[in-house]
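Enquirer: What follows is a single structure, and I will ask about it in a moment.
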Amino acid sequence: MLIIFCMAGMVYSGGFFDADNANYLNFVDAFAASNASVGLVIGSLAALILTIMMFTIRKTLPFDEAMSSLIKGFEAMVPAILILTLAWTLKSMTDSLGAAEYVSSVVASSASELQMLLPGIIFLVAGFLAFATGTSWGTFGILIPICIAVFPGADPLRIISISACMAGAVCGDHISPISDTTIMASAGAECKHVHHVSSQLPYALTVAFVSFLTFV
């Protein structure tokens with residue numbers, strides 16, 4: 001129900017139901033032009049209201065208890081919201097320092113001397129950047145254009161280096177304490193954020209080590 005309402009909210013924000021919009025009754029274009037923040041809020045509220053109505057009508061949960069549970073749910077998310085806010089602040093500070101651009105320039109300048117080892121180096125650099133910035137997609141945007149520029153189209157190392165970039169970025173994002181996915185996962189599991197990060201390190205680092213060897 002939540003997924004259906006969120007999808008409906010997203011296409012609504014993209015103009016799917018607006019007759020004056022170019023995306024009217026065009027699901028693909030409306031979804032592409034949607035505002036995810038607005039759509040998720042609309043879908044969540046609609047699913048919440050319908051859930052409370054169903055529980056009240058079926059007398060599964062009294063209305064007053066549903067309201068008190070709603071407040072407790074909001075209270076449970078306050079620590080995660082605070083951690084996300086602080087993480088986004090730290091991420092913005094890291095971006096302002098230009099650390100990502102500096103690392104990418106170092107990789108690009110040493111590409112000719114270390115061409116055969118470059119996939120492994122890109123894997124490590126991508127993991128470091130994603131860990132430091134908390135975003136895998138941002139790391140994709142920085143390093144993938146470098147991989148494409150370094151290797152010509154017919155070079156098989158182009159695909160390998162792009163794969164190394166994506167693998168390293170996902171790995172670094174997974175174990176980053178300032179990643180929004182890590183923060184939300186610890187909040188969903190109702191465990192301390194630091195404990196969740198620590199529990200993932202042995203598994204992620206083992207896989208990262210094996211992956212690095214294969215790229216080298």
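Note that Cβ sites are derived from N, Cα and C of the backbone, with glycine treated the same way.
Sharing the features that TrEMBL gives for it:
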type	residues	note
DOMAIN	24-215	domain 'Na+/H+ antiporter NhaC-like C-terminal'
TRANSMEM	37-57	transmembrane segment
TRANSMEM	69-90	transmembrane segment
TRANSMEM	121-151	transmembrane segment
Enquirer: What is the pLDDT of the domain 'Na+/H+ antiporter NhaC-like C-terminal' (24-215) when averaged and given as a whole number?
Expert: 82
Enquirer: With a Cβ cut-off under 8 Å, give me the same-chain residues at least six positions beyond the ends of the transmembrane segment (37-57) that come close to it.
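Expert: Answer is 1-2, 4-14, 63, 66, 70.
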